[in-house]
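Colleague: Let me give you the structure first, and then I'll get to my questions.
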Ligand SMILES: CC1=C(CCC(=O)O)c2cc3nc(cc4[nH]c(cc5[nH]c(cc1n2)c(C)c5CCC(=O)O)c(CCC(=O)O)c4C)C(CCC(=O)O)=C3C
Ligand SMILES: [Fe+2]
C-alpha cells in the first residue's frame with residue numbers, strides 16, 4: 001500500500017472543456033457542433049456568430065485552457081505528483097475522442113477528468129459525461145480498449161475556487177468611482193438554463209425550485225458576499241442573476257437576465273453594480289461578450305457605473321485546488337477517508353453522480369456516474 005503514489009489508482013488527468021473557434025472560418029462549424037440536435041433558433045445562431053466575429057472569430061477559451069493546462073502540469077510537477085495531464089474538448093479541436101485515443105495509445109488505464117464547469121446541471125455535468133461515453137464507444141468500436149474514466153466532484157464550493165472570486169470582487173469594487181463604491185450592489189451571474197433543467201439538476205431532492213444548480217450558485221454567492229462584507233467592512237445587497245439565454249422564447253429559462261436586472265436596480269436608485277460571473281471558470285466569450293460588451297453597454301445607456309470581477313482562470317489557488325481534489329479522489333478510490341474541503345452550507349459534492357442526476361430530455365449513455373456502463377465493468381479489474 002505505502003509504495004503507491006499519492007495519485008494511485010489514477011494514471012492520467014484529463015482537462016475536459018467546451019472548445020471555441022480560433023479564426024473566422026471556424027465560427028460556423030463550431031456553432032454547428034455546439035447546437036447539433038438542440039433546437040436553437042437560427043436567428044439566435046446568427047446573433048451568437050456575430051459575437052464571435054466581433055472578436056475576429058476567436059474565442060478566448062482555448063488559450064485560457066492552454067494556460068490552465070500548463071499551470072496544472074507545473075503545479076503537479078512542483079509537488080511531486082507524476083500524473084500526465086491531457087486536454088480535450090466537446091466542440092472544437094483538440095476533440096475529446098482524439099485525446100482519449102491518444103491516452104489509450106499511451107497505455108493509460110484509469111483517467112480522472114476535470115471539467116471546466118463547477119456546478120451541477122445537464123450542460124455542465126451530464127452532457128460532458130455523455131461526451132465521454134460517446135468517445136469511449138467510438139474507441140471501443142475501433143477495436144481499442146479505452147481506459148476507465150472518472151470525473152472529479154463539483155468544485156463550486158472548494159476554497160480554491162471561492163477565494164479568488166472574493167479577491168476579484170474586491171478588486172472590481174476598487175475600480176468603481178470612489179463616491180459610488182460603498183453603495184454598490186453585487187450581481188452574481190451564471191448561465192441561464194431552462195427552468196425545467198434547473199429543477200431537475202443534481203440529485204434534486206432537498207434543493208427546492210431550481211434544483212442543485214440554483215442552490216449551489218446561491219451558496220457560492222452568499223459565501224462570496226459574506227467574505228467581501230467581512231474584508232471591506234461594508235454590507236452590500238446582492239442578487240443571483242442570469243445571462244446568455246438561448247432557446248425558444250416560449251420556453252421558460254432562469255431569470256432575471258443581467259441586463260433587465262441592471263435596469264431594475266438602476267430604477268431603484270442603486271449607485272453602481274459589480275458583476276461577478278461565479279458560473280464560469282474563465283473569462284471566455286460568454287463573459288467578454290455578454291457581460292463586458294452587452295451588459296456594460298446597457299449600463300452605460302442607463303448611466304449606471306459597473307465593473308466586472310475576473311473569473312478564477314489559472315489562479316494558483318484554483319490550480320492547487322485541482323491537485324487537492326485529484327489527491328482526495330485518489331485516496332477515496334483507495335478506500336481511505338480524505339479530508340474534503342468545502343465552504344458554504346452545502347458541503348462537499350458527491351464523487352459519483354447518482355442514477356438520474358441532471359437528466360437529459362432523451363436518455364443517453366453517460367460515463368463516470370453510478371448509471372454508467374463503462375465505469376462498472378472496469379472497476380472490478
Ligand atoms: C450551464 C452552461 C454553461 C456553463 C458550464 C460550462 O462551462 O459548461 C455554458 C458554458 C458555455 N457555453 C458556451 C457557448 C455556447 N453555449 C450555447 C448554448 C447553451 N449553453 C447552455 C448552458 C451552458 N453553457 C445551454 C443550456 C445552451 C442552449 C443549448 C443547449 O442546450 O446546449 C451556444 C449556442 C448558441 C447560444 O444559444 O448561445 C454557445 C455558442 C461556451 C463557450 C464560450 C466561448 O466560446 O468562449 C461556454 C464555456
Ligand atoms: Fe453555453
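Quick reminder: no glycine exception, Cβ is built from N, Cα and C everywhere.
All annotation found in TrEMBL is predicted automatically rather than curated by experts.
Summarising the annotation, TrEMBL assigns Fe-coproporphyrin III binding site to 59, 128. Taken from TrEMBL, the feature Fe(2+) binding site covers 191, 286.
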Colleague: How many neighbouring Cβ atoms, not counting its own, are there within 10 Å of the Cβ of residue 128 (Fe-coproporphyrin III binding site)?
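Modeller: I get 24 for this one.
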Colleague: How far is it from residue 128 (Fe-coproporphyrin III binding site) to residue 286 (Fe(2+) binding site), counting Cα to Cα, in Å?
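Modeller: Residue 286 (Fe(2+) binding site) has its Cα 18 Å from the Cα of residue 128 (Fe-coproporphyrin III binding site).
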Colleague: Between residue 59 (Fe-coproporphyrin III binding site) and residue 286 (Fe(2+) binding site), find the distance joining the two CA atoms and give it rounded to the nearest Å.
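Modeller: Rounded to the nearest whole number, the Cα-Cα distance is 9 Å.
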Colleague: Given a separation of at least six residues and a C-beta threshold under 8 Å, show me what packs close to residue 286 (Fe(2+) binding site) in the same chain.
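Modeller: Sequence-distant Cβ neighbours: 191, 243, 244, 277, 280.
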